[in-house]
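As written in TrEMBL, here are the features:
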- 7-193: domain 'Ketoreductase' (DOMAIN)
- 13-41, ASP67, LYS161: NADP(+) binding site (BINDING)
- SER144: substrate binding site (BINDING)
- TYR157: active site, proton acceptor (ACT_SITE)
Amino acid sequence: MASSGQKVVLITGCSSGIGLRIAVLLAKDEKKRYHVIATMRDLKKKDKLVEAAGDAYGKTLMLLPLDVCSDESVKQCINSVQDRHIDILINNAGVGLLGPVESISMEEMKRVFETNFFGVVRMIKEVMPDMKKRRAGHIVVMSSVMGLQGVVFNDVYTASKFAMEGFCESMAVQLLKFNVHLSMIEPGPVHTEFETKMMEDVAKMEYPGADADTVRYFKDVYLPSSKDIFEAMGQTPEDIAKCTKKVIESRSPRFRNLTNSLYTPIVAMKYADETGGLSVNTFYNLLFNFGPLMHITMSILKCLTCSCLRRRTISPN
């Protein structure tokens, strides 16, 4: 139960990665300003979170089961919170999907949207009425730079993030009238166990339905380039947690918050040309015509991004 003056923060997808780090960071706040409700679909996976939380577990951090893909689970979770009072909702739960679209079943695509888009919508629908009544609250959505700029072979994942960005951009206007803030956190590549395992798995997979050239471009061109980008520009879950904490503690939280300033020029390029040709042709050339040059550039960038520069990238300001 939250103490007087504490803000109640509910976070989805806390079994690992970014969600786990946000939950622990807020629960260990020196001023004890937060009562954290960390949720996950399967509480059997709680061990990493409990270990990381240490003494905060059972004091400023509690656990609840939650499946964002289930209407019943979402309602039951929110109903179990005292007075259904949630000051800050952090939508973090998400799944990835990578590979040639010809080899991805419609069921797999629907699964991504069910979690990444409709899961967020369910959570917002459930907490929004109470926030609007109180004329107070903050909804945070873990988006991605892929919600702003499409990335080849991430077609379905990118589409789910674009849908979420559009939904939230529309909702933000209405919510502001009720003094409820909505903020998007937009990381680039993040080093997590999930991402590492996914990259390893897709390199070994077969892709029935996709032609040989497409599979070769994916495995021999895209995956090595993606690895270079992760090594040069990747952040840690801790970086994203620190950025999220700054956003929720801001007096005037911004709607969009890129966590990595190295991506700002990439996003700006898209809006510099209304035809879309600049960004499409640039990414085409980087991937298919200037692959070796891109590898060298990423290697140089990796050397240049010292710890002091990386610290600068975690601030939304």
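Using N, Cα and C of the backbone, Cβ positions are placed for all residues, glycine too.
Location within the structure of each feature annotated in TrEMBL.
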residue : record                       : Cβ neighbours (10 Å)
GLY13   : NADP(+) binding site         : 26
GLY17   : NADP(+) binding site         : 22
ARG21   : NADP(+) binding site         : 23
LEU25   : NADP(+) binding site         : 18
ASP29   : NADP(+) binding site         : 17
ARG33   : NADP(+) binding site         : 15
ILE37   : NADP(+) binding site         : 24
ARG41   : NADP(+) binding site         : 18
SER144  : substrate binding site       : 27
TYR157  : active site, proton acceptor : 22
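Summarised as a single figure, the pLDDT of the domain 'Ketoreductase' (7-193) averages 97.
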